[in-house]
Amino acid sequence: MSAPRPATVLPVRGTSPYDVVVGHGLTDRLPALLGESVERVAVLYAGSLGELADPIVDALVEHYDVLALGLPDGERAKTAPVAADCWEALGEAGFTRSDAVVTIGGGATTDLGGFVAATWLRGVRVVHVPTTLLAMVDAAVGGKTGINTGAGKNLVGSFHEPAGVLCDLSLLASLPRAELVAGLGEVVKCGFIADPTILEVVERSDPAALTHDSPELRELVERAIRVKVDVVVDDLRETGGVGGHPGREVLNYGHTLAHAIERTSDYTVRHGEAVAIGCVFVAELAARAGSLDPALVERHRSALSRVGLPTAYDAESMGGASFEDLHAAMKVDKKARGSQLRFVVLDALATPRILAGPGEDDLRAAFAAVASAG
Ligand SMILES: NC(=O)c1ccc[n+]([C@@H]2O[C@H](COP(=O)([O-])OP(=O)(O)OC[C@H]3O[C@@H](n4cnc5c(N)ncnc54)[C@H](O)[C@@H]3O)[C@@H](O)[C@H]2O)c1
Ligand SMILES: [Zn+2]
């Protein structure tokens, strides 16, 4: 057996720099990320993940006065009442500005915990310990936090950059395969928009061997985080990119249709699965309304299906939406501006731009190309 590889530290520059640490068995790095002034730590963790959270809480108790708060699982944590319960608990414990929050869970937990940290005393330090692939490569990095309201997802939130992110790949051992595969949707997306080496790793790896302990998964995680970090640092507040680059909006590749599929399926289609279909859709769109090489459209299908993601919209199993339903849902996406639909499209590999207001014929034809026959 070879010696365990040391952790990889990915620095995030910007107004408040922090590190994303990737590796195995990283709990002892938490105090360094939390910083020296911290006395009390509130651990906000997904209640169903007690077995993952307990050893981390035990390690923190050695250094800090710890308040451990178990949250409802997944999306049920992202509500105003849950945030209010956390505020009350922090208030009772007398949390001050020099205390900190640690989140342990998937993206729903890091979003809620980040929001609580952003709002308590107008902002205290937070370190995220993501436990899903999606949260490692996406939700925990970049400083967006949020909760849902009755009117939709992520409508209330704030930008609040973490003081650090600890991506301990060992935590993925218990993650159901379908959740891991869904996270790979965002990873492959990063391959198309910015880092083609990601696609090469996917294409040469045995997909079944992409597990929590595989060097290939680690390389994919590190590369996808780098893509997100680079984009976010260049465009911290989503005001746009420079030189024709879409800025942070590039991370929305495949997401306009994906959000419509999620919504019309009442969120029974996983985000990463919907993103996979959305990426094939925008590739088809770019081949029609732009100049994307058809071979690259096929590469979308082959890379995404290789890791086990859907590349076609199957109305029967995905909520039964028609093109008209999905078109209408896309128009109310919060990322649409005014009445004009905007899509991130590629002119070539890793060459993204914005396509605003494509014709309905092109949209319909691109959709027909991703709709399953039958
Ligand atoms: N802030 C951002 O920039 C950003 C970006 C992308 C997504 N998000 C948000 O992230 C959320 C989705 O994240 P997610 O896919 O991680 O979902 P999630 O947090 O709901 O987790 C998915 C499921 O996996 C379980 N789970 C998590 N880790 C596990 C583990 N190690 N072992 C076993 N089970 C485990 C959870 O309990 C949950 O049931 C959404 O709310 C989305 O809005 C935010
Ligand atoms: Zn996404």
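Note: Cβ is positioned from N, Cα and C throughout, glycine not excepted.
The model shown is predicted, which means the values in this text are computed figures rather than measured ones.
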- Note on the structure: Among His245, His271, TrEMBL assigns to the Zn(2+) site of Glu186, His255 just His271
- Item | Of Asp73, Gly107, Thr132, Glu186, His255, binding-site residues neighbouring ligand 1, Cβ under 6 A | Asp73, Gly107, Thr132
- Using Cβ-Cβ distances, find the residues under 8 Å from Glu186 (Zn(2+) binding site) that belong to the same chain and are at least 6 apart in sequence, listing them in sequence order. Leu134, Val137, Asp138, Ala224, Gly272, Val275
- What other residues of the same chain, not counting Glu186, His255, His271, have a CB atom within 8 A of the CB centroid of the Zn(2+) site? Leu134, Asp138, Gly185, Lys189, Gly254, Ala258, Gly272, Ala274, Val275, Gly278
- The mean pLDDT across the domain '3-dehydroquinate synthase C-terminal' (183-336) is 94
